[in-house]
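Colleague: Can you keep this structure in mind? I'll have questions shortly.
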């Protein structure tokens with residue numbers, strides 16, 4: 001009889017503020033789960049016109065980033081010459097490799113009209129021999145929402161699950177957005193030897209094997225033994241991000257925007273960025289100016305409440 005995975009640990013993703021004032025929750029932060037280094041949930045935030053701000057030009061090296069948009073519009077630009085506008089249901093996978101500079105800003109349309117912004121970003125580790133691979137960019141527009149059952153839908157952003165395959169690939173990694181209606185259940189197979197976690201970003205439910213209720217903003221890390229994760233909902237719906245991956249089992253070091261194998265490589269990455277070797281994007285000053293004005297306006301409105 002198949003064994004269902006039990007819960008190893010539950011953390012509540014607390015609200016934090018990053019950078020110039022991003023309101024985020026960190027389902028994965030101080031406790032990475034190999035191969036997942038970090039995960040940010042850009043908490044639902046509503047902006048008035050000319051208030052929305054993003055992350056202007058910054059570097060990465062040595063790992064992979066996944067950005068997935070729930071609501072809003074994000075404009076991506078990078079030093080490879082790629083540009084794209086991500087809307088609800090869109091995702092992008094950036095292999096930072098030997099180094100890349102990119103910006104993630106609200107689109108011009110979103111900046112002018114305002115609105116609600118929500119999404120996720122995951123940092124995914126790679127084996128040491130792949131850290132310096134050529135940087136690359138992959139975009140997936142309007143990732144298809146599929147029916148797992150009458151009351152459960154899923155959107156496979158990366159990898160594959162059951163008989164469904166997503167548009168993006170990142171080694172032995174699967175990332176899925178699952179939407180469960182009230183009074184529904186789902187069984188998710190987990191490959192042998194893979195780690196697994198889930199994050200509740202709407203509603204609440206139950207992990208059947210542990211007979212444990214899980215609530216909004218909970219991060220659930222599962223035991224290594226077991227072939228599947230079984231979930232149920234009661235009166236509430238539940239939306240979750242599920243991540244599965246084959247552990248790499250190698251040491252790594254995360255410092256700022258870089259993930260390398262040791263401090264010497266981190267130091268080299270910072271030096272390369274200072275020297276401009278990781279690339280540049282035209283229009284940097286205008287993006288910085290826009291962020292400064294937007295943050296000032298947003299904070300002034302919040303202070304008046």
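The backbone N, Cα and C atoms fix where each Cβ goes, and this holds for glycine too.
Nobody curates TrEMBL annotations by hand; they come from automatic prediction.
In case it helps, TrEMBL gives these features for our protein:
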{"type": "DOMAIN", "residues": "31-124", "note": "domain 'Pirin N-terminal'"}
{"type": "BINDING", "residues": "58, 60, 102, 104", "note": "Fe cation binding site"}
{"type": "DOMAIN", "residues": "175-278", "note": "domain 'Pirin C-terminal'"}
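How buried are the listed features, and what sits near them?
Modeller: In the three-state DSSP reading, residue 104 (Fe cation binding site) counts as strand.
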Colleague: Residue counts in helix (H, G, I), strand (E, B) and coil for the domain 'Pirin N-terminal' (31-124), per DSSP?
Modeller: 6 helix, 59 strand, 29 coil
Colleague: As a test of the contact definition, list every same-chain residue at least 6 positions from residue 102 (Fe cation binding site) whose Cβ is closer than 8 Å to its Cβ.
Modeller: 57, 58, 60, 76, 77, 78, 79, 94, 281
Colleague: Taking the binding-site residues one at a time (58, 60, 104), which has its Cβ surrounded by the most other Cβ atoms within 10 Å?
Modeller: 60
